[in-house]
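Trainee: After the structure tokens below, expect a handful of questions from me.
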Amino acid sequence: MPSLPAPPAPLLLLGLLLLGSRPARGAGPEPPVLPIRSEKEPLPVRGAAGCTFGGKVYALDETWHPDLGEPFGVMRCVLCACEAPQWGRRTRGPGRVSCKNIKPECPTPACGQPRQLPGHCCQTCPQERSSSERQPSGLSFEYPRDPEHRSYSDRGEPGAEERARGDGHTDFVALLTGPRSQAVARARVSLLRSSLRFSISYRRLDRPTRIRFSDSNGSVLFEHPAAPTQDGLVCGVWRAVPRLSLRLLRAEQLHVALVTLTHPSGEVWGPLIRHRALAAETFSAILTLEGPPQQGVGGITLLTLSDTEDSLHFLLLFRGLLEPRSGGLTQVPLRLQILHQGQLLRELQANVSAQEPGFAEVLPNLTVQEMDWLVLGELQMALEWAGRPGLRISGHIAARKSCDVLQSVLCGADALIPVQTGAAGSASLTLLGNGSLIYQVQVVGTSSEVVAMTLETKPQRRDQRTVLCHMAGLQPGGHTAVGICPGLGARGAHMLLQNELFLNVGTKDFPDGELRGHVAALPYCGHSARHDTLPVPLAGALVLPPVKSQAAGHAWLSLDTHCHLHYEVLLAGLGGSEQGTVTAHLLGPPGTPGPRRLLKGFYGSEAQGVVKDLEPELLRHLAKGMASLMITTKGSPRGELRGQVHIANQCEVGGLRLEAAGAEGVRALGAPDTASAAPPVVPGLPALAPAKPGGPGRPRDPNTCFFEGQQRPHGARWAPNYDPLCSLCTCQRRTVICDPVVCPPPSCPHPVQAPDQCCPVCPEKQDVRDLPGLPRSRDPGEGCYFDGDRSWRAAGTRWHPVVPPFGLIKCAVCTCKGGTGEVHCEKVQCPRLACAQPVRVNPTDCCKQCPVGSGAHPQLGDPMQADGPRGCRFAGQWFPESQSWHPSVPPFGEMSCITCRCGAGVPHCERDDCSLPLSCGSGKESRCCSRCTAHRRPAPETRTDPELEKEAEGS
């Protein structure tokens, strides 16, 4: 049975509903039974408002189009919503996901030949624009277009930004000024599903302390601590944005403010507006006031180059330049100047009204010198009111700053002539303010020596390529090339920020290119691993034995202060939808037994997540640089891509760091030692020191468990000290649950009890390699690692699985297939019983049996007859089947006149009957019954478990 994880339940159900309306083409084989596995998706936090769907969390009243993965993709005609609980919209709690088909709600197009646009459900007429896309005449920003050329958003390969925009990605911008400050800031916000990712640049402002989002009335909706990553740049993410805030954002009523120490209520602020110019912006400028100080005056400019000529299109937004008393004029003349070192190069006149926040214009036919000054950041833009020459704002034009990361995965499938050698490449790039490009390229597994590394455009033909930079620095036998491309040019910088460039690696055997990758920007995710370390290259040549795969990938991995593993995996060249499910595993050195942790099973080429309960053995492998990240696919179930991971850490058992780690960087295979340098200390987080559990050394998680003198995070699993071999404990939200290991009967007459195992095993036949005096290397195919109880099993071993949080599953038996290393779990086949009242001999038995002496013999029959419960839970205690007891009700103690009994998993309680004469004279009159009578009283009062517990709470 395949060991691949199943898709999330909501996506699976939705896919079945969508496919169920299609006519069946024929009776096919029955679908295989899903393997027993532990729950991988995090449980919803108690009291949290929202919905969980497909591994993502959505706020109440939020709507989205479900993504079913390959080959279905995003279902644009299906709209899902997170509805509030039925018991009241004001009650906090998990919501309910409701999905419906919106295709019947599409309006009828008025034209004769409507078109179905990509990413839309309803058909629209050509040249039709919705009302939300119409802009005032003064703000109409025209994209550079030509009949023979595609627009920038459609040119080249689709990058990360375009893929994100196709999944609900929308850009907003805000000009931030203040009535009591000369500072000016610019905020760019991207809405990706239910998260806001923002990049904020500022001028003439002290270091901000917080980023504040509020409504038009000033009510604070969200605050984020400000930790500048570069000079004058702040990055952050607002996750799970509430529905009300999303409505304010789309209505352009959501405001952003920068809070400083001198202005705790906000020094500069402004509303977020949506504009289509953001999709093409590659250069920008922040305009501040010149001359005498005046507060609340400033502007920002969004610029882009034309696709067909050296013309600069721009949109300029300003505030405070026009006084309110000038509002009576219909048009106000403004003068725009382009300067270089104080020398006037160009001048434009623009007439705007006082009600419009800006205007759009074009600077045509830039000279070669002006293009060079543009990329160097030496062109200055100035704006002034012709009626008041003294009021003037200006700023230098430079390449757009962003918190996103420029990266590329190089693989053989994307080469000009596709090759399949198992090689891989990984690149990280940084564009400087002067137009220079810093590159760090890792290459592994090439068939021959690397002879050329180039940054180039998409070729029109195979022999017509425009090379922008010849990269150097890869020494013979080395894996990493680090250098600078000094002459990228304005056109090259523009194409780089538009995701239109490619990296090509040529070797002796493949001079035209053995590896090629698309350079794309990854949206900011909130973690610093991308900026602090190099990614880990993933190649088929690193798999043992090597796999000649045409795919490749790279991954960022890091450990935070809680020893939680953050990972992000990007792949390329997998071959599309026919590849099926892709899985990522973290494991130890190849050829040695040990844990194999499934990080994620996913569709497509990207995966990210957090692992909070990493095994101590894997943490030690990470610290020693012996851990591996393995990517498996349908075509290569034993591994298609692999990368070696090194994360220096001092994490201990249970997921807690007892001492501050000296370095947390990830060092990739073949990367220089500088990649493993310690990341910068984050302000506000004190250095960790040895401390008692719950002490001030680290913030305490309210869901952790304290057991045997140690703290365990939620979801952690471990062997307790009192029984390290035959017990397994789990932390489930401050509650420790320990289950004993129940051994199945061995399949041999003379089992052997190994000293390091709980259950007896059958002796294996002695192999030639096991003879004394011969070295033995353990083959990973000789055993299996079961993720349920995280233990290594010998080949041929059979056991009952432990699946947290459910505990021991005695109605299932798992078998280790030594040839493939797979774990096969199946249900126990219970025999069909001919007796009328079967019994369960032991409470932990799975199958029932006929009583001794009934004369009935078992028959082969229904599978999985073990539907009976293990016992009853009453007042926090477990009672086995058929057991009787007297309940205890605080503060009165044991209620001896009430008897409870566990039957069919439900406790039934009743008061003792005092009506029978037998009750009198037996001592019960003084203990239970108020009086004895020979007359029969009404039927005994029967109360269930909830009623008694309610009575106990009331008393």
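In case you wondered, yes, glycine gets a Cβ from its N, Cα and C as well.
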Trainee: Have a look at 95-123, 443-471, 675-703 and point to the one annotated region 'Disordered' in Swiss-Prot.
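Mentor: That would be 675-703, per the region 'Disordered' entry in Swiss-Prot.
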Trainee: May I ask which residues of the same chain, at least 6 positions away in sequence, place their Cβ under 8 angstroms from the Cβ of Asn434 (N-linked glycosylation site)?
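Mentor: Non-local contacts for Asn434 (N-linked glycosylation site): Val375, Leu376, Gly377.
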Trainee: Determine, to the nearest whole angstrom, how far the Cα atom of Asn365 (N-linked glycosylation site) is from the Cα atom of Asn217 (N-linked glycosylation site).
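Mentor: On Cα coordinates alone, these residues lie 46 Å apart.
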Trainee: Counting only other Cβ atoms and using a 10 Å cut-off, which of the glycosylation sites Asn217, Asn351, Asn365 scores lowest?
Mentor: Asn217
Trainee: Between the Cα atoms of Asn217 (N-linked glycosylation site) and Asn351 (N-linked glycosylation site), find the distance and write it as a whole number of Å.
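Mentor: Between the alpha carbons of Asn217 (N-linked glycosylation site) and Asn351 (N-linked glycosylation site) there are 32 Å.
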Trainee: Looking only at the domain 'VWFC 3' (784-850), what is the model's average confidence as pLDDT?
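Mentor: A mean pLDDT of 74 is what the model gives the domain 'VWFC 3' (784-850).
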Trainee: Write out how many residues of the domain 'CHRD 1' (168-277) are helix, how many strand and how many coil, based on DSSP.
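Mentor: Reading the DSSP string over the domain 'CHRD 1' (168-277) gives 10 helix, 58 strand, 42 coil.
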Trainee: How many of the residues that make up the domain 'CHRD 2' (279-402) does DSSP mark as helix, as strand and as coil?
Mentor: 15 helix, 67 strand, 42 coil
Trainee: In the domain 'CHRD 4' (530-650), how many residues does DSSP assign to helix, to strand and to coil?
Mentor: 19 helix, 51 strand, 51 coil
